[in-house]
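Here Swiss-Prot flags 508-522, 837-849 as compositional bias 'Basic and acidic residues'. Taken from Swiss-Prot, the feature N-linked glycosylation site applies to Asn287. Under the heading phosphoserine, Swiss-Prot lists Ser448, Ser608, citing similarity to another entry as support. Annotated motif 'Selectivity filter' per Swiss-Prot: 381-386, in sequence order, evidence recorded as similarity to another entry. Residues or ranges marked as topological domain 'Cytoplasmic' by Swiss-Prot: 1-190, 255-265, 318-332, 425-911. Annotation comment: Swiss-Prot describes 213-232, 285-296, 355-368, 389-395 as topological domain 'Extracellular'. The annotation transmembrane segment is assigned in Swiss-Prot to 191-212, 233-254, 266-284, 297-317, 333-354, 396-424 on the grounds of similarity to another entry.
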Amino acid sequence: MAEKVPPGLNRKTSRSTLSLPPEPVDIIRSKTCSRRVKINVGGLNHEVLWRTLDRLPRTRLGKLRDCNTHESLLEVCDDYNLNENEYFFDRHPGAFTSILNFYRTGKLHMMEEMCALSFGQELDYWGIDEIYLESCCQARYHQKKEQMNEELRREAETMREREGEEFDNTCCPEKRKKLWDLLEKPNSSVAAKILAIVSILFIVLSTIALSLNTLPELQEMDEFGQPNDNPQLAHVEAVCIAWFTMEYLLRFLSSPNKWKFFKGPLNVIDLLAILPYYVTIFLTESNKSVLQFQNVRRVVQIFRIMRILRILKLARHSTGLQSLGFTLRRSYNELGLLILFLAMGIMIFSSLVFFAEKDEDATKFTSIPASFWWATITMTTVGYGDIYPKTLLGKIVGGLCCIAGVLVIALPIPIIVNNFSEFYKEQKRQEKAIKRREALERAKRNGSIVSMNLKDAFARSMELIDVAVEKTGESANTKGSTDDNHLSPSRWKWARKALSETSSNKSYENKYQEVSQKDSHEQLNNTSSSSPQHLSAQKLEMLYNEITKTQPHSHPNPDGQEQAERPSTYEEEIEMEEVVCPQEQLAVAQTEGVVDMKSTSSIDSFTSCATDFTETERSPLPPPSASHLQMKFPPDLAGLEEHQRARAPPFLALIRQKGPTVREATPEYAPIDITVNLDAAGGPQGGPHGPLPTDCASESPKSSLKGSNPLKSRSLKVNFKDSRGGAPPTPPSTARPLPVTAADFPLTAPQLISTILLEETPSQGDRPLLGAEVHCQGPSKGLTPRFPKQKLFTFSARERRSFTEIDTGEDDDFLELQGTRRPDKQADSSPNCLTDKPSDGRDPLREEACVGSSSAQDTSHNCRQGIYHGVAEVKKDNSQEGCKMENHLFAPEIHSNPGDTGYCPTRETSM
């Protein structure tokens, strides 16, 4: 949605495969251009203010504003569209309505139709704690959640028991597992279901045969006159016992845990169902004599009665019977209480009825134990009528016994019934859960669906997660109030967030540090440790270079070399430190920000947006002040005005320099070293010394990316040295000043100055945005300044060097810097020299222009030299020794000579 498609690629192509991710400056610009943001949740669009989302900074939406890279955005949202300022979340749209209202009103409610666990998952996703639910929704939410958590806990225990059936430590584990599933899990396969049906049929057949053997018509008399089983029914019973025996042995052999198998209640029932048959056979066959048979006969009858326990084998295949057994086991407290009540009632009422009826003739209440039977059937409201009281007192006792029996039995019975109902539902739910889990596992093996682990999905919902995590590591460097990350609405910060807080470049920091790195990869890795919105321009350029190296389309540079072939240059980033200065301050005009970019594929435009030097314009702080920047240049070259009007595009520069040491300065005009690098896409041009080579002494590594870029850029970087001598102030400029503030420059000598000039290229006919109005004036001895007196901006006395790279799309030549010498009558003037020095195997033109002053008492203006000449003609006017051009960064009007009081015509210069 938010991609930039390179040339030659289809715009409909997927961003993740062929196109570059959006640049961080594009993301920053998209967020700062509007006070509102569009949030698309499951196809439902919402529009909300950024400051509303800032109320909960530690939530997912609160972190959205701080994500200024493609990777960090995709960690927070699922997709985004920078053109529409829209962010997409593939979540439940209904639940998000309640969550968004929490940002707006501070009240969190759960909708009636929402599932409790589903709403809890949404709260976890958006980073909001469930404890902030209002009281009207908390009871319903927590009740449903606890119920579901209990069911999930039971299911987890069941699954743990099933997962504990390990066959790895035994022989033939695969075959034994298949046999175990066939006998113990009827729903595992069709064969297991058939086997379970056959087992049920044998149980029913065995029960029917046992019942028919008791019929006299089907019995046979033995030699002792005792009835025996029918031979045909005996064969049927033998077959059934053989099946039960085989089934029991196979279960025992395939069981993963033999001792656990023996302790199982269903397995004990199976053993009791087959054991009496074998005991009976053993006793009858070992005692053939009449005397021995008579002694064993009663024992055999007991075991024959135990065969009726075969009917309990149906519990293996019936959930209801299993529930009944588990209910009796779980309700032993209630059953014990019921028996205790009955026993106490029987004892009391049997004693009362005995003393009431003992005087009657032919009474059946002969003793208290004989009265137990009457009390039992009376309290259970059965009343057989075989024994009853006859006296009035006995009848009253019988009535009280009936009432007490109803009350005693009615109290614990509902508890037992409720336990049975709950356990039965739980058994059915577990069966369905097991089926669902097995179906998911099969689907996972087939690759048709993603397996979901319910225990992991709802593990976090069982705990109260507080998202109020305090920031670490920021309190040491932050003055003022820390960021309130608590979710309580009473602690929200309702103050409007300043635009400077969201800018990509913080220009009002109190401390700066110097970073020096030689490897771009190392610098790129270091950027990941800091917040994306604090990336410097050089780091953003490194990031962009790393991205472009991976692309199949490389942009050739003017000398036909690829980006990868360029040698790595020593890069150093110098940042400044704020120093307190008692000097007076100069009001600096508001600067204008870069409001539009024609192309973001250029490195220069990329860094110009990233550094964002218009912080003073948007900041709520008062505008800082700066002293005058004083520059000394020789007189202007002829034809400067015509050339500048023909070459209107402004400059873009990215400065990398080392800080020089400081030495004592004399009250003289200080020399300035300027190295000019011109790299153009057009044909070569010649200067006064003939055509210049296109190779540059210190070529920027980003220049290879500009070969086919329509965006034209020029860059100038100048370091200055000053003189300690006094000089009158330069009047403040009414033109657009450089985006430099007093906070960016130290006002004492040993501090390093690094000025970055970033500007967008306008159309060919537009005037340069960076420039100053330059005037010529006569001698100004005794001149009274028109503006209030202010102190000069002082620089270190040592010579400072820098590069100036001017890239255009019209020419490919190097332009030449020339300076003129002051008349020899000026004793304190410095020579203007021109030298050529090779660097890195190439021969760039390095020019050193030195400027002098007429006298120590003369006005020391901030002069500026013509940087380059026109394309068609190059004029030199060495006779203009009495007039000097000023690099008027902050003043539009300059007097030509110290003694003049008039003004020369306005001349516009560009850096």
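Even glycines carry a Cβ here, placed using N, Cα and C.
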Notebook entry, point to check: Any chance the transmembrane segment (297-317) and the transmembrane segment (396-424) have 3 or more Cβ pairs under 8 A, given the pairs are 6 or more apart in sequence?
Noted result: no
Check: Okay, the transmembrane segment (396-424) and the transmembrane segment (333-354): do they have at least three CB pairs under 8 Å, pairs separated by 6 or more?
Finding: yes
Note to self: Quick check on the motif 'Selectivity filter' (381-386): DSSP residue counts for helix, strand, coil, in that order please.
What the structure shows: 0 helix, 0 strand, 6 coil
Notebook entry, point to check: For the topological domain 'Cytoplasmic' (255-265), DSSP counts of helix, strand and coil?
Noted result: 7 helix, 0 strand, 4 coil
Next item on the list: On the DSSP side of things, how many residues of the topological domain 'Extracellular' (389-395) fall into helix, strand and coil, could you say?
Entry: 4 helix, 0 strand, 3 coil
Next item on the list: Using DSSP, tally how many residues of the topological domain 'Extracellular' (355-368) sit in helix, strand and coil.
Entry: 4 helix, 0 strand, 10 coil
Check: In the topological domain 'Extracellular' (213-232), how many residues does DSSP put in helix, strand and coil?
Finding: 5 helix, 4 strand, 11 coil
Checklist line | Cβ-Cβ under 8 Å with the topological domain 'Cytoplasmic' (318-332): same-chain residues at least 6 beyond its ends | finding: 265, 312, 415-416, 419-420, 423-424, 427-428, 431
Checklist line | Chain residues in Cβ proximity to the topological domain 'Extracellular' (389-395) (below 8 Å; excluding those fewer than six residues from its ends, i.e. six or more beyond) | finding: 353, 356-357, 360, 363, 365
